[in-house]
Structure formats: C-alpha cells, structure tokens
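J.: As listed in TrEMBL for this protein:
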- 24-58: region 'Disordered' (REGION)
- 90-122: region 'Disordered' (REGION)
- 167-188: region 'Disordered' (REGION)
- 241, 257, 278, 361, 362, 363, 364, 435, 450: ATP binding site (BINDING)
- 278, 450: Mn(2+) binding site (BINDING)
- 325-541: domain 'FAM20 C-terminal' (DOMAIN)
- 430: active site (ACT_SITE)
C-alpha cells in the first residue's frame with residue numbers, strides 16, 4: 001500500500017515531497033521507535049483508549065517535510081523528530097468537537113469564523129458591521145500592482161494534473177494522464193480551487209502580502225484550523241517555551257501554543273520580557289490586529305479547544321512528549337514537555353479534565369521550497385538583566401541604521417516602523433529577529449512571526465517599544481492614514497478588534513482593559529508622529545507609496 005501526500009500543487013518545483021513507500025508487512029520504511037513501555041502506560045486506567053493489535057505500539061510513519069520555523073532562529077526548523085512522519089489519515093480519526101463547554105458544563109453555540117455572521121457589540125446603531133464598513137473604505141480597497149512570476153512565491157505548472165482518490169489520498173499524474181506511483185484510478189480532475197486550503201494559502205503568497213485582503217481562502221483556512229482532525233503531534237525544538245507541531249487529516253500543519261494563564265492575569269511587574277509567558281490568546285489577537293491594520297503579515301491563527309488525551313497523547317509519536325503526561329491530584333490530565341523555561345511538573349499544562357485551549361498558527365511553506373532569510377532587528381533588546389542595547393543610550397542611533405543596508409534604500413526601514421507600531425499596540429517587547437522570503441530580495445514585507453509575548457500588561461504602556469519611531473521619524477503614508485482612521489469614533493480600533501475577535505472559537509480572546517489599552521496606545525503613536533511632523537515637517541516624515549514600484553509595499 002502506498003500512501004502519498006494528500007495535496008500537491010502544479011508548481012515547477014514540488015511543494016511537498018512524496019511520502020516514503022512502504023510495502024505491506026515490510027519494515028524497511030517503518031518507524032524504529034520502541035513500543036510504549038508497559039510501566040509508563042499505568043495510571044491512565046479507563047482513559048486509555050482501546051487499540052487494535054496493529055495500533056498497540058508506535059505507528060508506522062512516512063516522511064513529510066513541511067515543518068517550519070516560528071522561533072525566528074534559522075537552525076530551529078525541526079521538531080524533536082527532525083523527520084516528522086505521518087500515518088494514513090482517516091483511520092478512525094476522532095472528529096474535533098465544534099463546541100466548547102461553558103461554565104455550566106453545557107456546550108456553547110457554534111462560534112462563527114472570520115467570514116461568518118457575528119454577534120455581540122459588532123454593529124453600528126444602524127445595523128452595519130464596523131469591520132465591513134472599514135474594509136469598504138478606499139484605504140482598504142487599493143489594488144496591488146500587476147504580479148509577475150518574480151512577484152509570486154510559486155509559479156504554477158499547468159502540465160501537471162492532480163486527481164483525488166476514493167480513500168482520501170491523492171496522487172500525481174503526468175501530462176498524458178498516466179497515473180504515477182498510485183494504485184488507484186483517477187476519479188476526476190481537481191481544479192486549483194479544490195486544493196486543500198493550506199496549499200491555496202501558500203500559492204497565494206506574493207511580494208506584497210501573505211494573503212489577499214478579501215481572500216475567501218483565509219476564512220476557509222481558519223475554519224480548517226479548528227475543525228480538521230489532528231493526526232500527528234510533536235514538540236517543536238528550539239525556543240524557550242513548549243510549542244507543538246500538529247498535523248491535520250488534510251496534511252496541513254500548524255504551530256500549537258497551549259494556554260498557560262487566564263485572560264485576566266497580567267505579566268508580573270518584576271518579570272523580564274525575555275522570561276515572560278507566551279500567551280496563546282496573544283497569538284490570536286495579533287493576527288486580527290495585523291489584519292485590521294491592513295499589514296497582512298501574520299500567518300493565519302485561530303484558537304482551538306483541544307482534547308489532550310485523544311488529540312495529543314494518543315496521536316503523538318514523540319516519546320519525550322508522551323512520557324510527560326500524568327494525572328494531577330485533581331484528576332485532570334496534564335503534561336509539560338521539554339523546553340528551556342516552564343517545562344516541569346511545577347509548570348504543567350492541565351486540562352479540565354482533559355480539554356485545553358491553544359492557538360494554532362498555519363505553517364508557511366517549507367524552507368526547502370521557499371527559503372526565508374532571518375534578520376537581526378536593529379532595535380533588538382540586550383536580553384540581559386543589566387546591560388542596555390546601543391539604541392537605548394544613543395539618541396542618534398537611527399542615523400547609523402539608515403546608512404546600513406538594507407535600511408539605506410527601499411522600504412525596509414518603513415517596514416520596521418510598521419512592525420514597531422504593531423508591537424507597541426499589543427505591548428510586545430520580544431522582537432529580536434524578523435524574516436523575509438528570500439526569493440523577493442530586499443524589496444518585500446517583513447513577516448510578523450512569534451507574537452505570544454504581546455498583550456501581557458493592559459495597565460502599562462511600554463514607551464521604549466516606540467523608540468525606533470521617535471528616533472527615525474519616518475512612516476509610510478498608507479500606515480499613517482489608517483492609524484488616523486482607526487482613531488476615529490466611527491471606527492475605533494478597540495471596537496473593530498472586539499468584533500473581529502468575537503468570530504474566534506475562544507472568544508472572548510481579550511478582556512476589555514486590553515481592548516481599551518489599544519485605543520490609548522494608538523493615540524500615543526499619533527502623538528509621537530505629530531511631534532515628528534512639528535520637528536521635521538510632514539514631507540520629511542510621511543513617505544509616499546508609489547504605485548507599481550517594487551521597492552514600495554503598497555499604493
């Protein structure tokens with residue numbers, strides 16, 4: 001029996017490598033992992049799921065190299081199993097619950113996703129959605145320049161055709177229609193619109209954006225993140241805190257950050273930024289904020305309620321992760337994994353009894369297929385308890401940066417200013433590196449990855465985050481205009497965020513003080529820019545965006 005990657009697309013280079021072949025009954029391509037030790041399986045009692053003899057040990061696996069780097073470190077693009085493998089999808093996979101329990105123990109109503117109807121404080125007095133009104137504004141309706149092959153991450157090869165299989169697996173076919181490495185006959189040709197949504201998301205990435213402003217693929221992908229069956233789980237190596245890589249039945253993958261603290265808990269005042277918790281709700285909120293600002297540089301993120309037993313413990317082939325599961329004195333399922341911080345029994349992640357919240361961030365294309373370059377943030381903090389960074393002691397630091405490539409030309413400096421504003425609005429001090437797609441050179445956007453340390457303090461505005469903006473006094477005109485728009489009462493950033501976040505399954509994602517803090521911080525950003533304009537003049541601060549100029553981000 002040959003299992004192939006479920007979805008590959010018509011591009012000149014394969015987006016996904018084919019899975020390894022495995023002969024029936026053979027062990028040449030099978031997993032070399034040991035079975036669960038008998039002693040370690042004790043204590044689960046009735047919670048242990050009944051398995052067939054074939055499922056008793058670690059499952060056979062097939063290589064699937066689509067593990068991505070969300071830690072901003074180039075060397076950390078691996079899980080604890082560097083060649084992550086998957087089993088055949090659909091063999092009795094549990095369907096993910098689409099409702100979440102309320103405090104009363106009853107399931108809440110289905111929560112609509114990004115493109116669906118919303119409730120609560122989401123409309124004007126006249127019944128019009130604030131988000132719909134915002135996205136109909138001329139500032140949100142400017143077209144991109146015409147895209148060439150050099151402007152798209154992948155180029156479609158129309159000579160290849162793609163057919164589904166009745167079993168749910170799929171295979172490649174050559175231009176003559178002959179089936180390649182597939183035992184089953186084609187059931188009909190599949191168009192690009194029928195590709196899995198994660199693959200359509202990858203195809204749509206271009207020089208100017210991760211996804212289109214009104215993309216239907218975005219809505220569908222967000223739905224997949226919370227409804228697709230989870231078939232494989234592994235720890236992501238690198239980074240300071242536990243993160244899991246989850247593979248879905250459609251072979252898409254996402255980075256899972258589990259809930260570590262409640263919505264109401266603020267970062268303790270004595271915590272250094274580099275030892276703070278990463279918050280799952282911050283990842284969700286950052287995606288929505290990035291979209292409202294019209295940057296569209298954060299990969300799609302959705303909140304999900306995960307069953308720790310069925311959807312993590314029972315499907316993982318990562319023995320290091322599996323061995324950290326235990327039952328707490330309160331009879332809740334817990335695990336802690338392995339990482340640099342907060343991975344111990346004292347910091348275990350416990351369910352109620354085995355349900356846990358988390359954020360799921362869609363993966364970007366594999367680094368082997370779409371290389372990304374990692375850049376050190378010029379305004380990186382010292383990550384030291386006593387030392388200060390150069391920018392903290394030199395008020396003219398930006399003058400030096402502006403003479404250094406790639407900040408001496410193009411729009412990279414303006415992208416840093418966008419990222420600075422984005423980070424300040426959510427209180428994120430942990431922006432040590434950033435990434436770009438290598439194919440587009442220096443004339444492309446910054447990808448806003450790893451936002452889990454945002455929204456830690458609603459009662460404090462960290463003005464040091466705004467130092468790049470106050471030192472350089474530069475901003476893209478479209479960004480400045482949108483900030484002014486979002487400060488107006490009829491739009492109001494906090495109300496837009498509240499409406500947008502109501503569409504996430506984990507709503508409410510942010511408590512009101514965090515929403516109100518964004519309005520306050522937006523006013524502070526505009527005050528800094530007003531001071532810059534008074535000092536240097538508008539023409540020297542607000543830079544025009546040029547239509548069709550690939551060295552600019554938007555028109």
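Cβ from N, Cα, C; glycine included.
Mind running through what each feature is packed against?
T.: Taking the Cβ of residue 278 (ATP binding site) as centre and 10 Å as the limit, one finds 25 other Cβ atoms among all the protein chains shown.
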J.: Express the predicted model's confidence over the domain 'FAM20 C-terminal' (325-541) as a mean pLDDT, rounded to an integer.
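T.: A mean pLDDT of 94 is what the model gives the domain 'FAM20 C-terminal' (325-541).
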J.: Between residue 430 (active site) and residue 364 (ATP binding site), find the distance joining the two CA atoms and give it rounded to the nearest Å.
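T.: Roughly 21 Å, rounded to the nearest whole number.
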J.: Given the recorded positions 430, 450, and counting only Cβ atoms in the protein chains shown, which has the most within 10 Å of its Cβ?
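T.: Result for the most crowded candidate: 450.
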